[in-house]
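**Q** Encoded as structure tokens, here's the structure I'll be asking about.
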Amino acid sequence: MLTPKKWLLGVLVVSGMLGAQKTNAVPRPKLVVGLVVDQMRWDYLYRYYSKYGEGGFKRMLNTGYSLNNVHIDYVPTVTAIGHTSIFTGSVPSIHGIAGNDWYDKELGKSVYCTSDETVQPVGTTSNSVGQHSPRNLWSTTVTDQLGLATNFTSKVVGVSLKDRASILPAGHNPTGAFWFDDTTGKFITSTYYTKELPKWVNDFNNKNVPAQLVANGWNTLLPINQYTESSEDNVEWEGLLGSKKTPTFPYTDLAKDYEAKKGLIRTTPFGNTLTLQMADAAIDGNQMGVDDITDFLTVNLASTDYVGHNFGPNSIEVEDTYLRLDRDLADFFNNLDKKVGKGNYLVFLSADHGAAHSVGFMQAHKMPTGFFVEDMKKEMNAKLKQKFGADNIIAAAMNYQVYFDRKVLADSKLELDDVRDYVMTELKKEPSVLYVLSTDEIWESSIPEPIKSRVINGYNWKRSGDIQIISKDGYLSAYSKKGTTHSVWNSYDSHIPLLFMGWGIKQGESNQPYHMTDIAPTVSSLLKIQFPSGAVGKPITEVIGR
């Protein structure tokens, strides 16, 4: 018979066991938020510092930990690889994402990084927009590892205007990944994740937030004469936006232009506002950060990239985009304070790559610059035809790499080495070229570090080209005659911000050298979970406190 004394003893024992379990639980934040500001050069933190408010970038700098000397440790420095490397702690040679696109030597065609014809679009009828998944990714992400550590009870969501910047950070088995459809102005996904859009996504889409954001056009946040960190408003090296005939403020017809082409919102600061509002909706819709099981939200802020590409780093448009993003971040952090609680969430902010100054801007200030070969594939194929008598020997030229068509070589009875040597010799004559490397012989190449290591890390034997080209400093692809671009090893493309704030983070900064690939191991160490499967980086001891 169970006496009152024995019953009370049993209750005390069970209560003690439950208390011990709670006490011994691994200390983790309720929510991790990984923010990637697309194309954010490290110096943007300080170029516009005097105009930032206290709640956005300055909050991270003044209450969090800033790493001032973080570089990307591979080439090419592009969006898909950047997001993959941040969240895998790995490099293209291992994780398999060798570019936004690459040439598939077996299929004989260009392949987009997240393209997947085995899945169907959800939320749109456009296959090109919706047929995407992480199947081309060979390694696990830190978000995957969190799922493995919690027996997949953690909620993981990726949000971006860009498909690749939502899909790759969220990993192989997230709760969801959502991206923007230019044809409808709504967020969508694919059947890789779900058969139908969750109610919270439909509710958000039905609010028609993009139209509301562009309704009043785009004018400068501050009086335009205060944008002293930027060039004058009307310069020849800036691109146009919408129906405006000059690259100048104000952009009064934005609402009309958006209705004609909904993807236009990408090239305005309001694309970032939209993304962060969608991120807020994801937190609410998935009840993220409400219990002791850590959740993970990945957010790519893509409009900084689109605005940067179109106008260039020294434009008033870019400065205004960052000042508005600063305010959006302050609102987002305030919402996290209310929903999750100060000290209960961990945020890190970085970038997938930087950007070069516009060629026109550099020329105006007597800096070394120029354009890379206008149409290298066409020009070189003409020379190869004359030399070897075969057409289309070069199958593709992308990511500063040259791919040879193996079938053409075989049919023409040509040796790869002979053709490659000839092309390398010809490329070395180009004034824009610094080095030309055979990807079969990178280890033996007599080029300095860190270029050599970055080429090795970026080379994927299955997906990269036969020749790697290193351009001279300041030389941009010919398609970037307006605005700017990125892809190279130089500091303007490879030097990125890295800030941590919130749970478990002390205030401070470090000038010690670190790499993009150190981010995922650092987050893994803070969460006390296994590193991603292909990680080559190491935890940043200043951040984790030991």
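Backbone N, Cα and C define each Cβ position, glycine as well.
Sequence annotations record features per position, and here Swiss-Prot assigns active site, phosphothreonine intermediate to THR79. Residues or ranges marked as Zn(2+) 1 binding site in Swiss-Prot: ASP38, THR79, ASP352, HIS353. Per Swiss-Prot, the feature substrate binding site maps to ASN100, LYS162, ASP163, ARG164; the stated evidence is similarity to another entry. Feature annotation from Swiss-Prot assigns Zn(2+) 2 binding site to ASP305, HIS309, HIS486; the stated evidence is similarity to another entry. If you look up Swiss-Prot, you'll see 1-25 marked as signal peptide.
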**Q** So of all those binding-site residues, ASP38, ASN100, ASP163, ASP352, HIS353, which one's Cα sits nearest to ASP305 (Zn(2+) 2 binding site)?
**A** ASP38
**Q** For THR79 (active site, phosphothreonine intermediate), find which of the binding-site residues ASP163, HIS309, HIS353 come within 10 Å, Cα to Cα.
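**A** Within 10 Å Cα-Cα: HIS353.
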**Q** Near the Cβ of ASP163 (substrate binding site), how many other Cβ atoms are there if near means within 10 Å?
**A** 28
**Q** Give the three-state DSSP assignment (helix, strand or coil) for ARG164 (substrate binding site).
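**A** Once the DSSP labels are grouped into three classes, ARG164 (substrate binding site) ends up as helix.
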**Q** Using a 10 Å cut-off on CB atoms, tell me which of the recorded positions THR79, ASN100 is the least crowded.
**A** ASN100
**Q** Which one of these binding-site residues, LYS162, HIS309, has the sparsest Cβ neighbourhood, judged by other Cβ atoms within 10 angstroms?
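**A** If we count Cβ atoms within 10 Å for the binding-site residues LYS162, HIS309, the smallest count is at HIS309.
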**Q** Counting across all protein chains shown, how many other Cβ atoms sit within 10 Å of the Cβ of HIS353 (Zn(2+) 1 binding site)?
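**A** There are 28 such Cβ atoms around HIS353 (Zn(2+) 1 binding site).
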**Q** With a 10 Å radius around each C-beta, find which of these binding-site residues (ASP305, ASP352) has the fewest other C-beta atoms nearby.
**A** ASP305
**Q** Would you mind reading off the Cα separation of ASP38 (Zn(2+) 1 binding site) from ASN100 (substrate binding site), to the nearest angstrom?
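**A** A Cα-Cα distance of 14 Å.
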**Q** For ASP352 (Zn(2+) 1 binding site), what is the secondary structure state per DSSP, taken as helix, strand or coil?
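**A** The three-state answer is coil.
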**Q** Return the residues near HIS486 (Zn(2+) 2 binding site), defined as same-chain residues 6+ apart in sequence whose C-beta is under 8 angstroms from its C-beta, sorted by sequence, else 'none'.
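**A** Expected: GLN39, THR77, VAL78, HIS353, GLY354, ALA355, ALA356, TYR492, ASP493.
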